[in-house]
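Beneath this line is the structure, given in structure tokens, with notes to follow.
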Amino acid sequence: MADLVNLDRCPVYASFFGAMGCACSIVFTVFGASYGTAKSAGAIFSSGVIRPDRLMQNTLCAIMAQILSIYGLVASVIISGALREKMALYTGFLQLGAGLAVGLCGLAAGFAIGIVGDAGVRASTQQPRLYVGMVLILIFAEVLGLYGVIVAILMLTRSGIGATECTW
């Protein structure tokens with residue numbers, strides 16, 4: 001009877017879910033980072049024509065968007081370090097959930113950073129006093145990605161606790 005329990009809880013395809021979580025975390029956060037960078041870069045360069053002295057100051061949006069990809073990289077490295085050929089299905093599902101949490105939060109944060117960065121850079125080029133407000137809103141958008149990393153780390157720390165040992 002114990003062998004049947006292990007077969008149900010430790011199927012050969014369990015590591016597939018962990019690998020998908022690893023891939024989803026980096027792919028979705030990179031999509032978000034690239035969108036945020038591309039969307040804000042158009043405003044940065046067009047505003048640089050009007051006010052070239054503010055060009056480096058306005059690159060903050062693109063830098064913040066790239067931080068999102070680091071979040072995905074951290075989660076992918078943690079997940080890949082725990083991948084095994086034989087692992088519990090519970091662990092694989094938690095790894096998939098963690099990868100999706102950080103990936104989709106990073107994607108949403110990238111969209112927010114891109115849209116805020118585009119409008120904020122254009123507005124602060126015409127009225128420099130709006131720059132501080134833009135930075136605050138960018139921080140709020142960036143925190144969305146950070147929430148995903150926190151949830152992913154919490155899920156990954158729970159993925160080994162109470163899981164079936166797959167030793168065969």
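Cβ atoms here come from the backbone N, Cα and C positions, even for glycine.
No curator has checked TrEMBL annotations; they are predicted automatically.
Annotated in TrEMBL:
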- 20-79: domain 'V-ATPase proteolipid subunit C-like' (DOMAIN)
- 96-155: domain 'V-ATPase proteolipid subunit C-like' (DOMAIN)
- 12-38: transmembrane segment (TRANSMEM)
- 59-81: transmembrane segment (TRANSMEM)
- 93-118: transmembrane segment (TRANSMEM)
- 130-156: transmembrane segment (TRANSMEM)
Cβ under 8 Å to the transmembrane segment (130-156), counting only same-chain residues 6 or more beyond its ends: which ones?
25, 29, 32, 57, 60-61, 64, 67-68, 71, 74-75, 78-79, 82, 94-95, 97-99, 101-106, 108-110, 112-113, 116-117, 120-121, 123-124
Counting only residues 6 or more past its boundaries, what in the same chain has a CB within less than 8 Å of a CB in the transmembrane segment (12-38)?
61-62, 64-69, 71-73, 75-76, 79-80, 82-89, 91-93, 95-100, 102-104, 106-114, 117, 145, 152, 166
Could you give the number of helix, strand and coil residues in the domain 'V-ATPase proteolipid subunit C-like' (20-79) as assigned by DSSP?
57 helix, 0 strand, 3 coil
Summary of DSSP states over the domain 'V-ATPase proteolipid subunit C-like' (96-155), given as helix, strand and coil counts:
59 helix, 0 strand, 1 coil
